[in-house]
């Protein structure tokens with residue numbers, strides 16, 4: 001029987017000093033002996049997805065205390081990728097994932113906490129917390145802040161029809177010379193109307209949905225709107241459940257509740273299957289690889305490639321389809337409705353554990369909104385947007401009169417009526433990306449699934465943006481942005497502005513973009529990222545010349561630099577001859593702090609999840 005970790009600092013004569021300090025935090029004499037639950041919050045006033053989390057930690061803490069445990073809250077950092085986008089701030093986004101994981105490890109281990117509640121929401125926070133959960137392997141539950149409501153705009157002078165929109169619309173229209181300042185202002189003011197993570201299937205919502213599929217969060221975690229009063233129950237239930245599973249582990253020796261027992265290879269395959277079926281952010285590939293690495297699970301790019309060939313796309317939301325947003329996914333039954341359709345098609349491992357059900361199969365049946373006996377599920381998924389601008393959680397209680405049960409033409413479809421039988425994400429291989437690169441096929445127009453074009457080479461995102469806005473890019477070009485990988489950036493910037501500006505210039509279906517950097521979950525179009533190995537690690541993307549021909553074939557999962565093997569070898573030899581200047585960008589003026597240089601020195605390429613090269617530490 002495992003012993004409560006917290007006894008290290010709460011029991012024994014020699015811990016009198018530690019107990020004195022515990023008492024000073026509010027621990028009473030009768031509390032000693034109870035499990036100590038760490039509540040890792042990520043509240044910040046910088047991020048709309050986190051601005052409403054201020055009281056969430058204490059909400060969970062009070063419920064933990066009612067259930068018979070001690071709750072202690074602390075905070076992690078949280079970076080808003082949208083605000084950090086398009087300038088040097090984006091260099092810090094991916095590295096913050098490691099800082100978040102480390103900070104949770106430090107706090108939990110330093111204070112000998114027995115279990116963990118992770119209150120997350122946005123892009124790097126959820127994966128950072130997942131990495132920490134796998135590293136610590138103590139009872140853990142995730143509960144996120146929830147998605148924001150979709151924006152809505154009537155149109156200039158009420159002439160245009162009403163349409164829903166999101167952050168990406170503001171970015172695209174701001175760079176379109178055909179859009180007036182008044183129109184841009186209207187979109188800007190209405191794109192993000194409430195607190196919560198951005199309203200489409202971007203990285204934040206993708207990751208929160210994946211925690212459901214992994215089995216580490218409650219049903220509705222990824223789709224229940226931040227503003228809805230019903231979401232409060234997720235936080236309260238998380239507080240009760242963490243105490244239950246903590247006691248099951250420490251008092252009943254039930255190891256099935258531990259993160260590594262839940263997040264097995266089968267669970268990672270389930271999560272990736274769900275992500276492919278939804279056409280989620282390509283960032284999820286990066287993060288799942290990193291989380292699996294921390295969990296000691298052999299889950300690689302080859303597994304993702306295998307799944308991408310057999311999983312259909314059965315749910316397509318913004319930015320890939322502006323008919324649907326996360327609020328529509330929720331109305332259609334949320335993640336468990338998607339999992340049900342995938343299970344019916346034999347695409348899931350349903351014998352895996354979850355924190356809230358003995359098996360995933362049990363959970364799918366319990367949360368099936370098509371079963372009239374599941375009244376709790378039906379009530380939960382009727383939660384609707386309130387349509388009122390607010391930064392307050394639980395501020396409205398509007399409910400849909402009906403659910404979206406249309407599995408032929410609705411938001412979530414059965415496999416027979418899938419948007420495409422080929423999934424929403426794909427891994428491409430070729431001489432320009434020997435260890436793979438990724439593309440969100442759900443966002444690629446069918447007319448350009450095969451594309452051959454002229455390489456236009458840029459050695460920084462800034463130069464690429466300047467080239468696009470300066471009308472240097474024309475139809476048929478393939479924009480190559482290199483030295484933006486985890487090591488080369490350093491920090492692996494997102495390329496949302498270049499892809500958005502290509503759309504602004506009317507080139508969204510006429511050009512492609514290839515990078516060793518990554519993309520925002522809001523990206524769509526023929527945008528191929530994570531080219532591995534990256535240029536700074538000796539990848540062939542660093543050997544592309546201006547004007548080269550690049551051939552992209554998504555159906556056959558290939559990407560090819562159209563030069564001979566001999567020419568490629570000659571270019572590599574020429575690069576190596578540059579000595580200390582080899583595999584570094586030419587003429588790039590970028591300040592890189594010591595903190596970022598330290599990150600880059602230990603970072604691996606994207607095919608490994610951009611995790612630290614631990615071998616360097618152990619030398």
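For all residues, glycine too, the Cβ spot is worked out from N, Cα and C.
These numbers come from a predicted model, not from an experiment.
Swiss-Prot annotations:
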- 81, 123, 124, 494: Mg(2+) binding site (BINDING)
- 122, 198: [2Fe-2S] cluster binding site (BINDING)
- 124: N6-carboxylysine (MOD_RES)
- 520: active site, proton acceptor (ACT_SITE)
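Around the Cβ of residue 81 (Mg(2+) binding site), the same chain contributes 90, 93, 122, 123, 124, 203, 494, 520, each under 8 angstroms and 6 or more positions distant in sequence. In sequence order, 49, 82, 147, 148, 166, 167, 192, 204, 205, 521, 522 constitute the residues six or more apart from residue 198 ([2Fe-2S] cluster binding site) in its chain with CB-CB distances below 8 Å.
The secondary structure of residue 122 ([2Fe-2S] cluster binding site), as reduced to three states from DSSP, is coil rather than helix or strand. Listed in sequence order, the residues 79, 84, 90, 93, 94, 122, 203, 283, 520 complete the 8 Å Cβ shell around the Mg(2+) site centroid, once 81, 123, 124, 494 themselves are left out.
With a 10 A radius on its CB, residue 520 (active site, proton acceptor) counts 30 other CB atoms from all the protein chains. Taking the Cβ of residue 123 (Mg(2+) binding site) as centre and 10 Å as the limit, one finds 34 other Cβ atoms among all the protein chains shown.
In the three-state DSSP reading, residue 198 ([2Fe-2S] cluster binding site) counts as coil.
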